[in-house]
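S.K.: Straight from TrEMBL, here's the annotation block:
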type: TRANSMEM; residues: 46-68; note: transmembrane segment
type: DOMAIN; residues: 46-403; note: domain 'Amino acid transporter transmembrane'
type: TRANSMEM; residues: 74-96; note: transmembrane segment
type: TRANSMEM; residues: 117-142; note: transmembrane segment
type: TRANSMEM; residues: 162-182; note: transmembrane segment
type: TRANSMEM; residues: 189-210; note: transmembrane segment
type: TRANSMEM; residues: 232-256; note: transmembrane segment
type: TRANSMEM; residues: 268-288; note: transmembrane segment
type: TRANSMEM; residues: 308-330; note: transmembrane segment
type: TRANSMEM; residues: 359-376; note: transmembrane segment
type: TRANSMEM; residues: 382-408; note: transmembrane segment
type: TRANSMEM; residues: 420-443; note: transmembrane segment
Amino acid sequence: MENYWDESVEGSVISNGNEILLTTEPSSSSFCVETQNRDHRGSGRIATVFLIVNAALGAGLLNVPQAFDQAGGIGTALTVQAVLLVWIVGALLILAKCAEDVGATNLQEVLAALSGNTGLIACSVVVALYCFGTCVTFLIIIGDQFDRVLSSLRGADFCHYWYMNRRFTISISSVCLILPLCYSRRIDFLKYVSSVGVGAVLYVVALIVYEKYTGGFIPGPIKTVPDHWTDVFLVVPVICFGYQCHVSIIPIYSCLRHRNMRNFTCSSMTAIAVCVICYSIAGVFGYLTFGSNVAIDILLGYGGSNPLVLFGIAAIAIKTFTTYPILLFCGREAVSTLLTFVPWLRSNDVAVTERKRRIIIASIWFFLSLIFSVIIPDIQIVISILGSLAAVFIFIFPGICLLQSTLHRDPFIILNIDRIFILLASLFFLLGAFIIGVVISQIPEEIAKESSKTLLCT
């Protein structure tokens, strides 16, 4: 087995007394396990649930009702969701188990241990692209929510005032509320703000149910079957994007106070159950409220002058503020891993190098995403692209991990259980390739829709 953990590459787990410091460098598996055994701090089960829910449950919630309509109705969408959830949950457990076996602290290290430097580099590139795209999406969502609030309070010409223009509102709010959270060395630091983000999303779900019964909306036609059989796949990118927490799941697992599969399984199943309930309720009640007239953003259908709706819009912005740092953390890990292959950027002083890289990478990452967010006006195309990348994390990478770990353990595939694992890994590959192809084929249609988008203020 090729192993990238050699003397030329710096470690990513630094011991500081009884605390594990998750850095942005690759690590030694033996040292990781040794440090883990001495660690008495970290996230408990409840905090881990909040971290996972906050990573998975977010912007996709607003798109679910329209995805239900596009897929052919509630029954079809819930069926597709149930099928995909089997693979989504399985992928989480595979990644966590492989991370435990090799002593890894992030997804890149798992791929490196199982597939060598090729797996490390490929994974780091995809993680960086996905996390950066998601961060851009989050900032766009923040701008959209500010536009909704200001349009309701000040009228349609609000953006003509510089201090209410989305470029200013995105910039000042993200610098004040997001940037200070981007330099954390440990991801479990974010457990404190994650609870706020989860509470914000739960409010939006409750708002959707409340408006269904009190809003007096007359729904459009409600589908019971898809217009065409291929329409069932239109919900796939939204589900993949909505449940994608696989990038951050290994850093979250590595910060678990008692790191074992039993505790992780309990926390992850609870978190996924919360996400399923929230997405399903939002999709069902949102779709029943508006029918085929449902907007791409469910909140756009409600009266902007309603204080409850305005608070819901603010809640989505709060949720986004708390989720951005989690994705930046994972993207920062990926970028720093790639930098370890640049000879002149290596250093013998791991702690000093880690701190400098953490600050520099986080700062550049944040301001680049901020620039892109004020240039790109809408998130639908971005979500379609991110949906295909999310399928890589949900299907392709777990399939690689399962395949390689099985072959390392049983090179000649003698045991029947290992033959089943090989078959399962192959199914991960096939389903992932199919979903990626479907999502990519939908992008031209989304581009065509994009040209007809009307901004709140121009």
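Residue 1 is the first one shown; counting continues down the chain.
Just so you know, glycine gets a Cβ as well, placed from its N, Cα and C.
Can you tell me where each of these features sits in this structure?
M.R.: For the transmembrane segment (189-210), the list of distant contacts is 43, 47-48, 50-51, 53-54, 57-58, 61, 65, 181, 274, 278, 281-282, 285-286, 289, 298-299, 308-309, 311-312, 315-316, 318-319, 321-323, 325-326, 329: same-chain residues at least six beyond its ends, Cβ to Cβ under 8 Å.
Outside the transmembrane segment (232-256), and at least 6 residues removed from its termini, the chain residues within Cβ reach (under 8 Å) are 20, 22, 32, 36, 42-43, 48, 51-52, 55-61, 63-64, 67-68, 70-72, 76-77, 80-81, 84-85, 88, 91-92, 95-96, 99-100, 104-107, 109-110, 127, 130-131, 186-188, 226, 263-264, 267-268, 271-272, 275, 279, 326-327, 329-330, 333, 383-384, 386-388, 390-391, 393-394, 397-398, 435, 438-439, 442.
Here the transmembrane segment (268-288) has Cβ contacts under 8 Å with residues 45, 48-49, 52-53, 56-57, 60-61, 64-65, 67-69, 73-74, 77-78, 81, 85, 88-89, 92-93, 96, 198, 201-202, 204-205, 208-209, 212, 219, 222, 239, 242-243, 245, 249, 294, 298 of the same chain, all six or more residues outside its ends.
Listed as Cβ neighbours of the transmembrane segment (308-330) (distance under 8 Å, sequence separation of 6 or more from its ends, same chain) are residues 51, 54-55, 58-59, 62, 106-107, 127, 131, 134-135, 138-139, 141-142, 145-146, 148-149, 152, 173-174, 177-178, 181-182, 184, 187, 190, 193-194, 196-197, 200-201, 203-204, 207, 210-211, 247-248, 251, 299, 302, 362, 365-366.
Within its own chain, the transmembrane segment (420-443) has Cβ neighbours under 8 Å at 87, 91, 233-234, 236-237, 240, 381, 384-385, 387-388, 391-392, 394-396, 398-400, 402-403, 406-407, 413, counting only residues six or more beyond its boundaries.
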